[in-house]
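Q: This is the structure I have questions about; it appears just below.
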Amino acid sequence: MLTLLTAMYIVVRAASSEADPIRVLVTGAAGQIAYSLLYSIAKGDVFGKDQPIILVLLDIPPMLPVLDGVVMELQDCALPLLREVIPTDKVELGFKDLDAAILVGSMPRKEGMERKDLLKANVAIFKTQGAALEKYAKKSVRVLVVGNPANTNCLIASKSAPSIPKENFSCLTRLDHNRARSQVAMRCGVPADAVKNVIIWGNHSSTQYPDVHHAMVNVHGKEVEAYSAVKDDSWLKGDFISTVQLRGAAVIKARKLSSAMSAAKAICDHMRDWWFGTLDGEFMSMGVYAGGNSYGIPEDLIYSFPVHIKNKSWNIHDGLPINDFSRAKMDATAAELVEERDTALSFLSQ
């Protein structure tokens, strides 16, 4: 009898100690990035191997039949952490009680479309989604904007959700970070995880500045500065930068489709680090609110900085020396973001 009671007690304890499910929204959920992303989230690669998930999948009405197929596939994966999948085109359902929001969907640039027209279309989308976050989501929600122009879309969403802390909004530059890390690793003949502390400064656009002046490479068990490991300053100041800046366009030219697998991996990396923190001595690149930064970047921007993360809170890594070469590139990408912001805010007030 005691054995039976003990066994029942253990079962009850195990059931009661299971974590409550978290609600995770992915927008643009019928698209190709989401298709590469959802499985990793649902199987525990992002929020933890013991964290149950409720996946909320939001898309526009014409995509709902496709979304039904995505739901069927997620069900057919028989993933133990996936408690529920909710497909919807309604923001009041999609944004309700969220713990995390991954905003992938945006208006893509179409042939012949002026940049200001693209900005205008996306201001409308992210104003609506920011207002939905404000009205329906938890105030502790962590928001990652992926849809381009990601930095400015993120700023608009944040401004449209004034009661949610600005620090809870970020945009994805981890894909650029991973690209930079990989390029250096291949050049040095080492695994990608042997390279740390590359930085993406600024906008997720062709003006971004991939910077390895502070990066370290583990070569044969010894950490050396990236410039010393690569031994090719002209490549690091030339082709390396342009390769990372233009990598997305190169993928489109080759695949006839935009980056999906690598974008999904970067989203997972970004959210996992935000949830669990960065390693001691390492920083990662995130597009975050620039207020109070020590690098002379205009404050009312979402700008990519090196950050370290602890207890789900990021801090910009301060005190890195900036040479004239880096200063010029950091300022150039900031100038583009200021122009984007000012154009977007003119539409926001209409």
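In case you wondered, yes, glycine gets a Cβ from its N, Cα and C as well.
TrEMBL annotations: computationally assigned, not manually curated.
Quick paste of what TrEMBL says about this protein:
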SIGNAL    1-19  signal peptide
DOMAIN    23-169  domain 'Lactate/malate dehydrogenase N-terminal'
BINDING   ASP59, ASN122, VAL146, GLY147, ASN148  NAD(+) binding site
DOMAIN    173-347  domain 'Lactate/malate dehydrogenase C-terminal'
ACT_SITE  HIS204  active site, proton acceptor
Q: Per DSSP, how many helix, strand and coil residues does the domain 'Lactate/malate dehydrogenase N-terminal' (23-169) have?
A: 66 helix, 27 strand, 54 coil
Q: Using the alpha carbons only, what distance in Å do you get between ASN148 (NAD(+) binding site) and HIS204 (active site, proton acceptor) once rounded?
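A: Distance between the two Cα atoms comes out at 8 Å.
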Q: Find, for the listed binding-site residues ASN122, ASN148, the residue with the lowest Cβ contact count at a 10 Å cut-off, counting only other Cβ atoms.
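A: Among the binding-site residues ASN122, ASN148, the lowest count of other Cβ atoms within 10 Å belongs to ASN148.
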Q: How far is it from GLY147 (NAD(+) binding site) to the residue listed as 'active site, proton acceptor', counting Cα to Cα, in Å?
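A: For GLY147 (NAD(+) binding site) versus the residue listed as 'active site, proton acceptor', the Cα atoms are 10 Å apart.
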Q: Might you list, by sequence position, any residue in that chain lying six or more from VAL146 (NAD(+) binding site) with a Cβ less than 8 Å away from its Cβ?
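A: When sequence neighbours closer than 6 are ignored, VAL146 (NAD(+) binding site) has ILE33, ILE102, LEU103, VAL104, SER106, CYS171, LEU172, ALA263, ILE267 within Cβ distance under 8 Å.
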Q: At a 10 Å cut-off from the C-beta of ASP59 (NAD(+) binding site), count the other C-beta atoms across all protein chains.
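A: There are 23 such Cβ atoms around ASP59 (NAD(+) binding site).
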Q: To the nearest Å, how far is the Cα of ASP59 (NAD(+) binding site) from the Cα of the residue listed as 'active site, proton acceptor'?
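A: Per the Cα atoms, ASP59 (NAD(+) binding site) and the residue listed as 'active site, proton acceptor' stand 23 Å apart.
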Q: Please average pLDDT over the domain 'Lactate/malate dehydrogenase C-terminal' (173-347) for the predicted structure.
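A: Mean model confidence (pLDDT) across the domain 'Lactate/malate dehydrogenase C-terminal' (173-347) is 97.
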